[in-house]
Every structure is written in structure tokens, then in C-alpha cells.
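As given in TrEMBL:
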type: REGION; residues: 1-36; note: region 'Disordered'
type: COMPBIAS; residues: 1-12; note: compositional bias 'Basic and acidic residues'
type: COMPBIAS; residues: 15-31; note: compositional bias 'Polar residues'
type: TRANSMEM; residues: 57-79; note: transmembrane segment
type: DOMAIN; residues: 58-457; note: domain 'Oligosaccharyl transferase STT3 N-terminal'
type: TRANSMEM; residues: 123-143; note: transmembrane segment
type: TRANSMEM; residues: 155-175; note: transmembrane segment
type: TRANSMEM; residues: 181-199; note: transmembrane segment
type: TRANSMEM; residues: 249-269; note: transmembrane segment
type: TRANSMEM; residues: 276-296; note: transmembrane segment
type: TRANSMEM; residues: 308-326; note: transmembrane segment
type: TRANSMEM; residues: 338-364; note: transmembrane segment
type: TRANSMEM; residues: 397-419; note: transmembrane segment
type: TRANSMEM; residues: 426-444; note: transmembrane segment
type: TRANSMEM; residues: 450-470; note: transmembrane segment
type: REGION; residues: 476-500; note: region 'Disordered'
Amino acid sequence: MEEHHPVTDNKHKSSLNSGASYSGNGRSSMAVTERGSNAGGGGLSGGLSQPAGWQSLLSFTILFVAWLVGFSSRLFAVIRFESIIHEFDPWFNYRSTHLLTTSGFYEFLNWFDERAWYPLGRIVGGTVYPGLMVTAGLIHYVLNLLHITVHIRDVCVFLAPVFSGLTSISTFLLTRELWNQGAGLLAACFMAIVPGYISRSVAGSFDNEGIAIFALQFTYYLWVKSVRTGSVFWTIGCCLSYFYMVSAWGGYVFIINLIPLHVFVLLLMQRFSRRVYIAYSAFYIIGLVLSMQIPFVGFQPIRTSEHMAAAGVFVLLQVYAFLQYLKDRLTRQEFQTLFFLGVSLAAGVVFLSVIYLTYIGYIAPWSGRFYSLWDTGYAKIHIPIIASVSEHQPTTWVSFFFDLHILVCTFPAGLWFCIKNINDERVFVALYGISAVYFAGVMVRLMLTLTPVVCMLSAVAFSSVVEHYLGDNMKRAKPPAEDNSGRGRQRERALTLYDK
């Protein structure tokens, strides 16, 4: 039998009663604590009581405001005049979309437009990138399915401003993957208001670039995610996004050349890994098959010179991976000899094969538009119709400042920060920035591909500078815990006295 001390029992009961009266409704403080911890994990008030909850709410608010500002800044033509499609190409795209929504996808693919290039006409299904029309038609179908009656013209007018918000979000995701969340939020805000992108995505400009830049940024985000994780799941998502980009704009050639360039530079930097091998092997095979499903593209991925770099890097990567597999089964000297011979032989075979297939006519040579990227005077001499288009002219210095403003000055700083703290993902953004600067310099139209990476790298520069000058104060307030030396203890004591 246990003996109970009366004084101890009374104290215990009084503590329980005080805990119950403090918690209210006859519940103990322990129960309240457990309920608070559960609410912190799943409830709204508990979530906002955590720093991560406020960060998520702030990030969501900034992205929503960026989307709203980007959408609003593209509506001036509609507010001043009316909701109407303007320019020639957007009007043709609108007519195609109208036929798609009224007659169906099969009729759209087999439509012969006698009004285009009159009196010759045009076979529309095999001569357009259908991604823009299908996107607008699908949105119109979903809205009518929800009994929201909207004319297809209004969907076409407001499609590009809506997708500008999606482009800001995809830029946020890509920059966060490359640097951190603060830089991603800055990049999303820059992308929403930068003139270089507004000029191609205003309301009423129903053209391919309105959705293509979103597809471009989202494909790059999924590619970086694939390289970072080595997951086939993210790689398949990258392939689907690439398929959407192929269906939307001819600028998909920039993707299918930049990603192989990224893999090739990683091989040269001796940064080969299983993650890179899985990501590129799956991307090339699945992306190749998907891109050939677009009627206008067809067999171009295996029969044009613009796509041969991707095939060459794919073969080289397989040889490199096989040699790495043999590395543990050979001596150092044998491996070095075999590695040099294997890589040289593979590169030579790929190069000679491309030359031979081009000579016999199986692989088409570079088109005139791509020749004009390397020789700015080529189109003026050989293809005057390309040179006659104003947006195919070389870019003036004034255009950079009008289209990018202060981001021109901060873009090199962000590039330097990425090169200084290099990894596999930042190699990609460095190559993206350098190649986009060159192409934007030789053709005004390609300023559109430079704008996203300028926003990203400028955001990295601003974020790094702000963190550097705000982070020093935090470090002075909280010195590192691992500094156990006498000097560290003296510094901590001096800081404590200074705080007092």
C-alpha cells in the first residue's frame, strides 16, 4: 500500500485545478499544448504562427501581385480602344482558332485557306504551329463547359496577358532552383513588367510568342530540376513541356541546341554524373519522338542540321558513360589510352557521318534564317524577303536599354555571381545568358529570348547584394557557435556588453 502525504496531494490537486482554470473549459494546459502543436502542423492559424507559414503567404502574395500587375500593364490597347485582334499574323491565328472551335480539330488539320496568300491559298494544318490555337480553343471549351459564356475572340485577345503571369511563375521556379527563393520572387516581378516581354504579349497580340516564352522557361525549369535530381519523373515532365514548346513556336530549336550544349560543357568540365546521363538520355529520346508528332515539324529532328548537335551529344554521352563504366576494370594507363581513343573516335564518326549524310542529301543544310545568325549580311544578299522584315535586323544599342532598362547594368553582376559559385545548374544559366546575348545582338526579334535570363540574373545580383549587406548585421548579432577559441569568446563578450 502506498502512503499519500496530505500536503503533497493538496499541492498536486491545486496545480491541476490552476492548470484547468488557466486553459479554460476544464482542460489541462498539456492538452492545450498538444492541440496547439497539432494546429500548427495542419491548421491555418497554427501555420501562420510559424515563420515558414508567413514566408509562404508572402511569396504567394508577391506572385499574385506580379501576375496582376503584368496582366494590367498589357491592357492599355483594350482600355483605350476596344477588345480587338490587331496585326496580320494574330488575325490569321484568330481565324484558324475560330475554325478550330466551330468545326473541330480534324477539320482544322485539313483546312485549305483560300484567303491566305490569295490566290494561291494555304494548307493550314501542315504549315502552322498549332499550339497557340489549341491552347485558346481548349480554354474556350473549358469555360463553356463551366457555363461561362465567352466568345473565342475575347479568349484570343486576353490569352497573352494571362500567360504573362504564368511566365512570371515559371521564371520564379527556375530562379529559385538556381539560386534561392528571394531571387526567384525578384525575377518574377521583373518578368511581369520588363518592356522586352510586354511588347510581344500585349492584349490583342494573339501570336506564338505569347505562350512560347512560358513554355521556354518551364522547359528550362524542368530540365534543371532533372539534372539536379536525376529523376525520370522530372525528365518526362521536361519532355512534355518541350513538346508543348515545339507545338507553339519555331524557337524550340534554341532549346534543342542549348540543352545539348549544357551537357557537352559538363563533360568538358568533368562534371559527368548519373543524373546528367539519365536526364539527357531520356530527354533526347522521348523529346525526339514527341516533337515529330507535330505535322509542321515531321521528320525535321532527324533530317535537318539544326538538330544534329543534339544527336551528336547523345552519341558522345553514351560513349563517355561506357568508358566510365570500364574505369574500375582497367588500370589507370589503359583507361587513359582507351578514353582518349574512344572519345576521339566517337567525335570523328559523328562529324564524318553528318558531313556524309548532308552530302548525299539526307540531312538538309542550315536554313537561310539560321545562316543569318552567324553572318548578318547573308540574308540581305541571298534572301531579301528575310532581310526586309524589320525585326530580323541587327539590334541597336538603344534597343537594349529601351527593352531592359536598369537590368542591362545588373545582368553581368548576376552572371558573375553564378560563375563564382558554379554548379551543374549554374553552368546552364551561364550558357543561357551568354548565347542569348549573342543572338539578341544579331537579330531584334531574339531580344525576346534574352529578356527572361536577364531578369533571372539581375534578380540574382540584387538578391546577393541585399543578403550580403543585411546578413552581416545578423552575423554580428549572432556570432557562429562553432568558434570556441579565446578570441571568439572575447568577441562574444564584447558584443554582449555592446548590446547592454
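Backbone N, Cα and C define each Cβ position, glycine as well.
It is 426-444 that, among the stretches 57-79, 123-143, 308-326, 338-364, 426-444, forms the most Cβ pairs under 8 Å with the transmembrane segment (397-419).
Cβ atoms under 8 Å from those of the transmembrane segment (276-296) belong to residues 109, 125-130, 223, 226-227, 230-232, 234-236, 238-240, 242-243, 246-247, 252, 256, 259-260, 263, 266, 302, 310-311, 313-314, 317-318, 321, 424 of the same chain, restricted to positions at least 6 beyond its ends.
Mean pLDDT of the predicted structure over the domain 'Oligosaccharyl transferase STT3 N-terminal' (58-457): 89.
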